[in-house]
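One structure below.
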Amino acid sequence: MYFTRFSAILGSSQSFTPSSSPGPKSLEARGMEDNLPVNVREYQELAEKALPKMYYDYINGGAEDEHTLRENIAAYGRILLRPRVLIDVSKINMSTSLLGYDMSSPIMVAPTGAHKLANPEGEVATARAAAACNTIMVLSFASSCKIEEVASSCNAIRFYQLYVYKRRDVSATLVRRAESLGFKAIVLTVDTPVLGRREADIRNKMIFPQPGNVVDLMSLDNDLGAEGGSKLEQFARETLDPSLSWKDVEWLKSITSLPILLKGIVTAEDARKAVEAGAAGVIVSNHGARQLDYAPATISALEEVVKAVAGAVPVLVDGGVRRGTDVFKALALGAKAVMVGRPVFFGLAARGEAGARHVIEMLKNELELAMALCGCRSVAEVTRAHVLTEGDRIRALL
Ligand SMILES: Cc1cc2nc3c(=O)[nH]c(=O)nc-3n(C[C@H](O)[C@H](O)[C@H](O)COP(=O)(O)O)c2cc1C
Ligand SMILES: CC(C)CC(=O)C(=O)O
């Protein structure tokens, strides 16, 4: 259905094939080929046309007034760049590594649930796109595809995102499966003890397909939502454990030897606790503004967390990254890497695996350009001095 709608938009003969000489200079990488979207915003427009409203609203929406949703993007816009000139930028190296795993750039795929809402191939297509871009994908606990299908779809470095369910055995089983299937880390999401209030989903009576991994492990009420409202909300109420606390990090450590990253931290206090608890990494995230409205924009919270962590573990950030310059700003403020959620989902909805891949490649190309124009030849050369934040401007006036 999605492809039929999309074909009408883009022409059914269009397909994105990787350039034989990949690199920032190729026309395709610059998005100059006929009709291909040239930026994330255009992919979002295509996704909106391709998807049923209920699914587009689920993917795009945020919590309550969507203040934080707007802020996640707007706060990037308030950070200015301080380019340095007359530096030889004929060679730019964007590569980096996380927990010892190499990536071609500091742009990773955030865990987002239910990719079959966007494309029949679901997370298998996303995983292939991430693998083609040599980056790490974090597979959602709420994936449509089974973890085994994704693991066997391609040779890539993958992390596994975990929700702690009331049924601890279900969470524990999936952690063990991830470990045995070669996933390299567990990303424990800590900002969702209960689901945020997503009013578009409530209005649309959002139907959330049961996640592929969960179907066999527990019986869920198929008639969720019979009283109206969002089925996702009822699914979350049935499954998520609101008693999740710091002691559960200990529990998780007791059932896996994989490194554990905590996703959903936006304060210095919690960042310090995460390090004390033995986290191997901290992910500054507000869940794409889908949980607590009026939580800070993640790029505004990043520096506080980076300072609190003081280099003990890597800090990642997600939320609102739509441009390579956003990635650059996050690096300058101390992030080891960024994760992108909706942009990849939009690419997948618009053009399947090719679209998801093109979105990541576009962001990489934009980052490369930003680095060149700021005089940075490697990610290590991107420093705090390359950005001017609102805080900097206020301090300069005092
Ligand atoms: C449709 C959708 C589904 C998501 N599902 C999950 C999930 O299953 N687990 C999780 O930890 N975060 C989930 N997230 C949050 C993302 O991991 C990430 O924090 C967020 O999308 C980043 O913001 P961005 O979409 O602006 O890039 C989801 C986000 C979206 C948009
Ligand atoms: C609660 C999950 C099932 C999905 C999720 O994390 C999300 O929609 O933000």
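Each residue, glycine too, has its Cβ placed from N, Cα and C.
Heads up, TrEMBL stuff is auto-annotated, nobody curated it.
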Same-site residue for FMN (record: TrEMBL; known: Pro111, Thr112, Gly113, Ser140, Gln161, Thr189, Asp318, Gly319, Gly320, Val321, Arg322, Gly341, Arg342; options: Ser90, Ser219, Ser285, Ser300): Ser285
Give the distance between the Cα atoms of Gly319 (FMN binding site) and His287 (active site, proton acceptor), rounded to the nearest whole Å. 7
Hey, of the binding-site residues listed (Pro111, Gly113, Gly319, Gly341), which one tops the CB count within 10 A? Gly319
Within a 10 Å radius around the Cβ, which one of these binding-site residues has the most neighbouring Cβ atoms: Gln161, Ser285? Ser285
Check Gln161 (FMN binding site) against DSSP and tell me helix, strand or coil, would you? strand
Let me know how many other Cβ atoms fall within 10 Å of the Cβ of Val321 (FMN binding site). 28
I'd like to verify something. Among the binding-site residues Pro111, Gln161, Ser285, Val321, which ones have a C-beta closer than 6 angstroms to some atom of ligand 2? none
